[in-house]
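Have a look at the structure below before the remarks.
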Amino acid sequence: MAEMAAGGETRTTKAAAEAGAQAQVQSRVQARVQAQVQSGADDPAHPERRYRYYVLFVLFLVYIFNFIDRQIISILAEPIKHELGLTDSELGWMGGWAFALFYTALGIPIAVLADRSSRTWIITIALSVWSGFTMLCGAANSFLTLFLCRLGVGVGEAGGVAPSYSLIADYFPPGERARALAVFSFGIPVGSAAGLLFGGLVAAYIDWRAAFVIVGAVGLLLAPLLKLTVREPVRGRFDPPAARPEAPPLREVARVLAGKSSFWFLAFGASCSSIIGYGMLFWLGSLLSRTYGLGLVDRSLFFAAIVFFGGIVGVWLGGWLGDRLGAANRGAYAAVPAASFLLAAPFYAAGLLSPSLTVSFVLFLIPQALALIWLGPVLSAVQHLVPPAMRTTASAVFLFVNNLIGIGFGIWFLGWMSDRLAAVYGDDSLRWSILYGLGFYLLAALLMLLASRRLARDWHG
């Protein structure tokens, strides 16, 4: 018995030694791979670095069409309203809940799938679906048929954004993520402006139906380019090996997020700002028509210029401030957006109340930039609040809250309130609906300040 015990101890010791040796070899290999990856991150001429920027560019193009197809209906709202005989509340349903219901409901299960399977395939399929339904919007002949087509656009777009965030996090090291996500987020102002400009011009010279068909067809052509040229990266490649477990079940992600109060303050703070952010994107074209009497071409140019120039400055500035200030103080990832929301509200109010179209243009440019500063810092912070295997799902939860409240409720609420205020303000009711809604920026700033006090504690790793 003693000999057997001794033999067992010898085998155990030998196995432990072999396991230790294998662990050392694996550690050295992982360190070498990590060094090579980091070398590529630091060397501008390295193929790895050049390719990651190509990937970012392709994802940026996809995001542009995400917002073209999402926002084109805003510049087409007035001709659609007159042809189909809709109220502002019904337009709000079309631009808000019709898109947001499935967009938000499917976002989380698709993200869970993306944490376990190919993100590039998911984005490719999503792009094809939302582009196809955008084309079908051009064939709608009633509130119901257009509503159903917008539901389909939301189904497709549910799989576009969260997997893209996760891909970017695996292509860019932590010190570059806020800027990379900010570049990706340029798709919001660029796509929105392109949809407004192109949609308005096509509707003016052909009709609103042709605008839907053309932009949807171009999106379908982009889908194969994405799948054929963008590789699926290793998950968590810039994170320590110990931080790369298999994708956990949804209940585990929910448990982790439940303990991160900063995540929820960020999500609801962004959502409150998005009520006005998405609301202005949808309703400003109608406001320019009713308040200033601008024709379709003029309001397309006016609206697109505000969204493009103000948006580009805001998204870039947010990414730059997030990386610069967040390195020393993690609370800055939320404090910077809080300050921007407090500044945006009075500028928007002044622009809405100005009798001069020229003055309104300048006043709208400033808050348009301020309103989008949050994108880079907040989206980067969300990526840092959970382990790598949970990032896609956490992003989807964040987007669920933000889009359900911002797109679904926000666009509909401003239209509903405009109908209610029409008895008092007449044709000016939409202007006053937006003015009253600016109070949501104050709530957004408060929630971001609460998040800033908790980010350092909740930061993962």
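In case you wondered, yes, glycine gets a Cβ from its N, Cα and C as well.
Annotated features, as they stand in TrEMBL:
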type	residues	note
DOMAIN	55-456	domain 'Major facilitator superfamily (MFS) profile'
TRANSMEM	53-73	transmembrane segment
TRANSMEM	93-114	transmembrane segment
TRANSMEM	121-144	transmembrane segment
TRANSMEM	150-168	transmembrane segment
TRANSMEM	180-204	transmembrane segment
TRANSMEM	210-230	transmembrane segment
TRANSMEM	263-288	transmembrane segment
TRANSMEM	300-321	transmembrane segment
TRANSMEM	333-353	transmembrane segment
TRANSMEM	359-382	transmembrane segment
TRANSMEM	394-414	transmembrane segment
TRANSMEM	434-451	transmembrane segment
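Within the chain carrying the transmembrane segment (180-204), a Cβ under 8 angstroms from the stretch's Cβ atoms is held by residues 56, 59-72, 74-76, 79, 164-165, 168, 171-172, 210-211, 214-215, 281, 285, 295-297, 299-301, 303-305, 307-308, 310-312, 314-316, 318-320, 322, 372, 375-376, 379-380, 383, all 6 or more beyond its ends.
Tertiary proximity for the transmembrane segment (150-168) is limited to same-chain residues at least six positions away from its ends with a CB under 8 Å from its CB atoms, namely 55-56, 59, 62-63, 66, 69-70, 73, 94-95, 98-107, 110-111, 114-115, 119-120, 122-123, 125-134, 136-137, 177, 180-181, 184, 230, 233, 235, 379, 383, 391-393, 395-396, 399. If one looks beyond the transmembrane segment (121-144) by at least 6 residues along the same chain, the residues whose Cβ comes under 8 Å of a Cβ in the stretch are 59, 62, 65-66, 69, 72-73, 84, 86, 90, 94, 110, 113-114, 150, 152-160, 163-164, 167, 208-213, 215-220, 222-224, 226-227. Ranked by Cβ pairs under 8 Å to the transmembrane segment (210-230), the stretches 53-73, 93-114, 263-288, 359-382, 394-414 are led by 53-73. Most Cβ pairs under 8 A with the transmembrane segment (93-114) among the ranges 53-73, 263-288, 333-353, 394-414, 434-451 are made by 394-414.
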